[in-house]
Amino acid sequence: MTLHSNSTTSPLFPNISSSWVHSPSEAGLPLGTVTQLGSYNISQETGNFSSNDTSSDPLGGHTIWQVVFIAFLTGFLALVTIIGNILVIVAFKVNKQLKTVNNYFLLSLACADLIIGVISMNLFTTYIIMNRWALGNLACDLWLSIDYVASNASVMNLLVISFDRYFSITRPLTYRAKRTTKRAGVMIGLAWVISFVLWAPAILFWQYFVGKRTVPPGECFIQFLSEPTITFGTAIAAFYMPVTIMTILYWRIYKETEKRTKELAGLQASGTEAEAENFVHPTGSSRSCSSYELQQQGVKRSSRRKYGRCHFWFTTKSWKPSAEQMDQDHSSSDSWNNNDAAASLENSASSDEEDIGSETRAIYSIVLKLPGHSSILNSTKLPSSDNLQVSNEDLGTVDVERNAHKLQAQKSMGDGDNCQKDFTKLPIQLESAVDTGKTSDTNSSADKTTATLPLSFKEATLAKRFALKTRSQITKRKRMSLIKEKKAAQTLSAILLAFIITWTPYNIMVLVNTFCDSCIPKTYWNLGYWLCYINSTVNPVCYALCNKTFRTTFKTLLLCQCDKRKRRKQQYQQRQSVIFHKRVPEQAL
């Protein structure tokens, strides 16, 4: 924000020297005497007139109703600005859900807006009403320093928010790993330090750099911005350039969000088609409890390989094998949810040398090398149980310890129609991974080993259902992530739009004043400068409109419902704790 030197100048008094048009001979005095007296009288009369004008009219030439209207309007806006930004700061303090990295930037922006509401708005209103600066040169320089540092910090914070949103969407893996609160604090600190270094020293000490103060008494503006060309240059650096950068970044954010929305829609459609198969083999033939032979395809070993790792917690009551239950598990896709079990998925990259042991308690681990991420996204059919791949390195024998004894591996099922045992032994041909340097078929066949692991039809069915559940979880996580990104983008768009609307009129006048310094009335300068302040009033409204958490927290604070909210939160946590203990089996604790 650039305060133009003509925006609040005291009225000029032309034609003061018109009474001195007579020649020296008419006055009967020497030329030098008349000139000296005339000069003295002109300056004395001018000074007395100005002094009498300013001291006798503290309202600056305004009527009482004009003063009341200006004071009421600006005072109301200042009060709303102060209350709104205090609400943002307090909401960030009391609500842990708001303590995200993105909201740290909004907190910094709220602090800058609060400074403007407390100091800048009120002093500038006094300056407008009195039509002169009556607080002295030091107070003038301090006000301008605080005003410009806070305003520039707001712009810098908007730039930081824009870049943060842009990198979060375009580089989600690399940038978000480094996106911590500590790093956010460093960026916020840099924004404030840069703003302070750019404006405060120049405003406070420029008169000492040039050797004199050129700002007239009763006026308050930045001395080095008295030239329109310099004023326009600062407007380019402080407004036009940041707005251009933020607009470009927001456009890129919008395009990337639309692209990810389309990808998510395709992923959801793919998942729906896969679930519609209801675990029927692609050939159309139903499967019984016969044995399957699952053979792993030979793959090259890479330095790091990703596995889908799942952990199951089974209670004893949910594991009663019978023919009816086998049929029910085979035909119904909801039986997975009916079991008293919980599953958690984590995607982790493990090195080839990492040894993963299997649990021999009620909790046991199954490590399946599921299809790659890209294939999950692009394919519409999940692989059948024949195509399930098992890693020989990470999948050992699966041991399940029941209450009194361990389940023993059983032989393959015979010609009977019904399943009589819990598990059947399924031969699995496992091929150890081949080193990247060995590409010939001879070397590959030499490294192959064969192992037999206990695996039943029910295990294959559960694995397939887990694959579907995994896909559903991936889709859900992507959908939730996209929703959060859209909310953050909406908040950014609202803040950016408010910034452009409130700051553009004044900076357009700065551009016009460069070519025509008398084309813009003083009243327009005052309105344009005050409109820049209104941006600090609008920002908290943007947070509330675009963020439900901010909105509910504001409502809670305004209605003094903090205690009720804490009680509800404690009750919710207690209920969740009870549900968690019910789900986790006692032997797993």
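Any Cβ shown, glycine's included, is placed from N, Cα and C.
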Among ASN15, ASN152, ASN535, residue that the record in Swiss-Prot marks as N-linked glycosylation site: ASN15
Swiss-Prot topology check: ILE169, PRO521 same side of membrane: no
Annotated residue, N-linked glycosylation site, per Swiss-Prot; candidates ASN41, ASN547: ASN41
According to Swiss-Prot, the disulfide-paired cysteine of CYS220 among CYS140, CYS289: CYS140
Swiss-Prot annotation of motif 'Basolateral sorting signal' - which of the ranges 71-77, 274-280, 491-497, 526-532 it falls on: 274-280
Position flagged as N-linked glycosylation site [Swiss-Prot], chosen from ASN6, ASN443: ASN6
CYS516: disulphide-linked cysteine among CYS519, CYS542 [source: Swiss-Prot]: CYS519
Integer Å distance between the CA atoms belonging to CYS140 (disulfide bond) and CYS516 (disulfide bond): 27
C-beta crowding around CYS220 (disulfide bond), within 10 angstroms: 24
CYS220 (disulfide bond): secondary structure state under DSSP, collapsed to three categories: coil
For the transmembrane segment (526-545), sequence-distant contacts whose Cβ falls under 8 Å of one of its Cβ atoms, 6 or more beyond its ends: 1, 3-4, 7-8, 74, 77, 80-81, 84-85, 87-88, 106, 109-110, 112-114, 116-117, 120-121, 124, 128, 151, 154, 491, 494-495, 498-499, 502-503, 505-506, 509, 551, 554
Residues satisfying Cβ distance under 8 Å from CYS140 (disulfide bond), sequence separation of at least 6: TRP133, VAL215, CYS220
